[in-house]
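Q: Annotated domain 'NADH:quinone oxidoreductase/Mrp antiporter transmembrane' per TrEMBL: 23-285, in sequence order. Here TrEMBL flags 60-80, 92-115, 151-170, 177-195, 201-221, 233-254, 274-293, 325-346 as transmembrane segment. Taken from TrEMBL, the feature domain 'NADH dehydrogenase subunit 2 C-terminal' covers 289-342.
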Amino acid sequence: MNPYILATLLFGLGLGTTITFASSHWLLAWMGLEMNTLAIIPLMAQNHHPRAVEATTKYFLTQATAAAMLLFASTTNAWLTGQWSIEQMTHPVPTTMIILALALKIGLAPVHAWLPEVLQGLDLTTGLILSTWQKLAPFALILQIHPTNPTILIALGVASTLVGGWGGLNQTQLRKILAYSSIAHLGWMILILQFSPSLTFLTLLTYFVMTFSTFLVFKLNKATNINTLATSWAKTPALTALAPLVLLSLGGLPPLTGFMPKWLILQELSKQDLAPVATLAALSALLSLYFYLRLSYAMTLTMSPNNLTGTAAWRLPSLQLTLPVATSLVATLALLPLTPAVTAILTL
């Protein structure tokens, strides 16, 4: 892609998100989301592969549906209450519709079916943008809405953690596994949203760091399915040794960074007398942990002298920068000791 066009599209992507962040009026927020969608579509379709074009079309249709639903709900809210302000959503009908529209935007269960299909058709770089940056603007809006019925967020959260766990169990494609991982993590964030928005923000940040590391590791190995991971040890032995730790951090195992948000969320849910919800969330984390362990097994425990399930790829010199991988790996593996400082900040 022409660098000038790429720069323009990335600028549009950033501008759309910034407009949504800065808006307090529903029409301006909607405009920011639309700019965001229109800027990423050429990035998704740049490979001109039928699979990429199909993924782009699916993405466009779901995002257009969610945006239309959002516009309809905000207009209904203005008609019923006379308010266009995001923070003054008082009527339950438009509030519920907007939450569902934003859930469709980010891919929460039960309106998640587009996300694995779309992510599977993209290259790893665009997939990384879709899994991280594209979640920011809708999340900023969800954080500003105070739902009149809190049950809907808990239902969406529990459904997402369970679907994210179950869905990834029989997958062999890494991008689909990462899509289900994304659904499960978003479920954790939505569960705690109404009780502790700052904790949701912390979970979102740690999810971004861990997903960034995972995508960069797969990109460095040019891996798109589990079999390709089995031969990565010969090409990048140090990275292959660290990659399982990144995956286990995504799964939420101590003493890695990914344990911190899960631990704090379960603690907060217990404080709110939601022990059954906390138990369900913890059990669904075990489902996710299983497929992270599968990936770890494929990377590190199928080495020579065992028979390899994948064919060895050409060991060409990689042009990818290793500094972002190194920085994000440190953040993914070693931030758990900061938990006391984080909890002190959260209670301010």
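Quick reminder: no glycine exception, Cβ is built from N, Cα and C everywhere.
Help me see these features in their spatial surroundings.
A: Proximity of distant same-chain residues to the transmembrane segment (60-80), defined by a Cβ-Cβ separation under 8 Å and at least 6 residues beyond the stretch ends, is recorded for 26-27, 30, 33-34, 37, 41, 89, 91, 93-95, 97-98, 100-102, 104-105, 114, 118.
Tertiary neighbourhood of the transmembrane segment (92-115): same-chain residues 33, 58-59, 62-63, 65-67, 69-70, 72-74, 76-77, 80, 134-135, 138-139, 141-142, 145, 147-149, 152-153, 156, 159-160, 162-164, 179, 182-183, 186-187, 190, selected by CB-CB distance under 8 Å and a gap of 6+ residues from either end.
Same-chain residues lying 6+ beyond the ends of the transmembrane segment (177-195) with a Cβ under 8 Å from its Cβ atoms: 103, 106-109, 112, 115-116, 118-120, 127, 131, 135, 139, 142-143, 146-147, 150, 153-154, 156-165, 167-168, 171, 203-204, 207, 211, 214-215, 250, 261-262, 265, 268-269, 272, 277, 281, 284-285, 288, 291-292, 295.
Long-range contacts of the transmembrane segment (201-221) within its own chain (CB-CB distance under 8 A, at least 6 residues past either end) are made by residues 124-125, 127-128, 131-132, 135, 139, 143, 174, 178, 181-182, 185, 188-189, 192, 228-229, 232, 235-236, 239, 242-243, 246-247, 249-250, 257-258, 260-261, 264-265, 318, 320, 322, 324-325, 328-329, 331-332, 335, 342, 346.
Through the fold, the transmembrane segment (325-346) approaches residues 196, 198-199, 202, 206, 209-210, 212-213, 216-217, 220, 239, 242, 245-246, 249, 254-260, 263-264 of its own chain, all at least 6 residues removed from its boundaries and within a Cβ separation under 8 Å.
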